[in-house]
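Undergrad: Sharing a structure, written as structure tokens. Questions coming.
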Amino acid sequence: FEALPFEGKTPATVVLLLSSPEEDILIKACEALHIFAEKDENKVSLLELGALEPLCQLITHNNKLVRRNAFMALGIMAINDTVVHEYATLCLAPLSLDFVCKVQIFDNKGLPSLIQLLSSPDPDVQKNSLEIIFNLVQDYQCRLAVHELGGIPPLLELLKSDFPVIQHLALETLQNVTTDKDSRSTFMEDQGFDKLMDCGDLHAEALRVLANCLSDSECVQLIHKDGRLTRLMDFLVNPNMPEIQSSAVKCIAGVAQIENRILLHELNVEKVLVELLSEADTGVKTSTCQAVAAMSFHLASQHGIPAVVQGLSSENLKLREAATQALSNLTHSNHLNAAVYEAGGHQILVQQLYGSCSRTVANAAATLGHMAGQEDIRCSILSHGAIQALVEPLKSTDTQLLIHTTQCLAVLACDTEARAELQSAGGLQPLVNLLRSNHKEILQNACLAITLCASDVPTTAERALEMLQEINQSVNRSSSFSKMAMISLINCNLPVKYSLTGHLASTDIISDGFYDAGKVPAGQRILTLEELSRQPVNQHRPIIVVKDGDRQKDESQPGSPTQKPWKMMDDVSLQVLVIEAKKSILRMNDEQEKYAALALVSEAMGGAVEREKLHKFSWVLHLSQLKFQLQSNVIPMGLIRRGIYRHRALLFKFQCLADCIGMSSTLVRGEYDRAWNEVLVFSGNPSGNGRYSQPARFIVDLMHQPGSLLATNTPAAVKYQTI
């Protein structure tokens, strides 16, 4: 083509010419754009038309004039800082949502520049900068840096902006920043309270910022000193603005949480809160319940209790949670238990135990546990099925829920029927499973509940004993609670107690089914009588069992249909010994004579044996023959005709407490098959008031001079106890 004359009158046409392959056109186009961009508004237009990218490419062009004019055009465009700031912050805003980008912005000193841009005259720059800062202050380090870099004053100034979006962002940023104590101090020094109160239609968001300040005692005192708390109270009684009411109540809750309850009492806050509990708005009710929970330890009025109880029946989950938290705190010191009970709160709280929100269930359990300390209320709670309702929460993994559930269960388990219901509802197994917990309070509560339920846990006692043994051997997990639970369980399982401790007290009554499995090392599992009886005959010492009954007892557990039910054989010989012993002492009045007469039952086990001839007393062979005859390691006590210390001591202990004899005796295991019985004997005649003198403790000789009473700690007694 020959030269074609061309006129371009619009910037868009000239921008398109920047892509021409002809150098003359490029030179003229760049020059024209340079001239056009001298006005600020034209710079923005060129950016919007996409002139930046082709100009950036032309600065590397081979033609010198093209490069020069492209640089000139870019230079004049870059003079407008506002445009650069706007687009730079616009780019950074979405990037600041990403964690890696946040770190890069902070590490590259971006935050100081962003804080400076908060004072930009351009609202777009302000808005973009605010958005970036808001994203950054979600992290603690950036939150502190905003305060240190002087970011709070410009944030407060932006509350006066004509643009709501900027005001919202400024308030949301302040809400994050004022979670730091130093930031709150600066906020108050810069008249932050007054500026928040003057936010016009943004009071709800402003109050959320204020709530942070009111959680600081120093800020509260400063606000109260200037009479500003009264201004805050005005928001509580504004019925046409529920959101603001709700936010104001949250501020009150913040004040109450830092021990400023007396200050609030002076402002008559309790009365206002009671009135707010009757509000129709769910959000206001929820916030009010939260405030009541915070102030509960100072509230003495019962007037608000029915309204809080009514909140338990709400369909709103947050309101139900807040109501249960309020009731939990209100009943903590038992002073409002009766009010909650009279309002029917206990019945609804039991139903809350079936809820899906773990915090609500935990609060409900805590409240019921507090109320159950009073017997009449406890009985009513149990009548509404509290035990059944607590079983499922026992299986939870939520720490707070387990703490309050076990606490509640421990209080309710004082009742005998409650323990029976817990067993029938299948609650014992999950309770025992909590002994695996490493949480101190859960473990202690579980141990306490097991202590109370010890006599009702036959199906789980074996596993519980193993776990408690392990706990008590641990330096970190052992406690007075675990030891108490262990004692309670073994007191209900005397064979285990005797195997572990080697001692039965005079109050421990040996009954049908007791067996002596010998001393068992700590940590080793103690086999049941059925398990021991099913073992093949071995070379170990026999298991001596007490079977004092005329009927066969099926002790077998459900198992294989091919496995024969296990039954303990009757011990007729033992029954005869009991009858004879009872006849021999029936007419005796003197205690020493009674003990001596009972000691003579050792005749059934070979009679007196001189100490020097004890090695010739063939008791080992005799027991081996019985094991062979019975084809069992378990030998009924009445079949033993040649027994030594441990066999005779067990027989004596059983005889003392059998049927109506009612005499007391301990059973103590020594070393090398030694065992003995200690008895208390009142000496002399009763005084004029019918009382005997101080009793003396004796060991009953059942081996060498049956019937002799050896005073404890004397050489004769020590000799009897040792080889």
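Even glycines carry a Cβ here, placed using N, Cα and C.
Residues or ranges marked as compositional bias 'Basic and acidic residues' by TrEMBL: 547-556. The annotation domain 'EDR1/CTR1/ARMC3-like peptidase-like' is assigned in TrEMBL to 570-709. Taken from TrEMBL, the feature region 'Disordered' applies to 545-566. Sequence annotations record features per position, and here TrEMBL assigns repeat 'ARM' to 109-151, 150-192, 303-345, 385-427.
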Undergrad: Which residues of the same chain, at least 6 past either end of the repeat 'ARM' (303-345), have a Cβ under 8 Å from a Cβ in it?
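TA: Distant Cβ neighbours of the repeat 'ARM' (303-345) are 270, 273-274, 277-278, 282, 285-287, 289-290, 292-294, 296-297, 352, 355, 357, 359-360, 363-364, 366-367, 370-371, 373-374, 377, 380.
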Undergrad: State the non-local partners of the repeat 'ARM' (109-151) in its own chain: residues 6+ outside its ends, Cβ under 8 Å from one of its Cβ atoms.
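TA: Residues 82, 85-86, 89-90, 92-93, 96-97, 102, 157-158, 161-163, 165-166, 169-170, 172-173, 176-177, 179-180, 182-183, 186 contact the repeat 'ARM' (109-151) from elsewhere in the chain.
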Undergrad: Along the repeat 'ARM' (385-427), what average pLDDT does this model show?
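TA: So the average pLDDT across the repeat 'ARM' (385-427) works out to 92.
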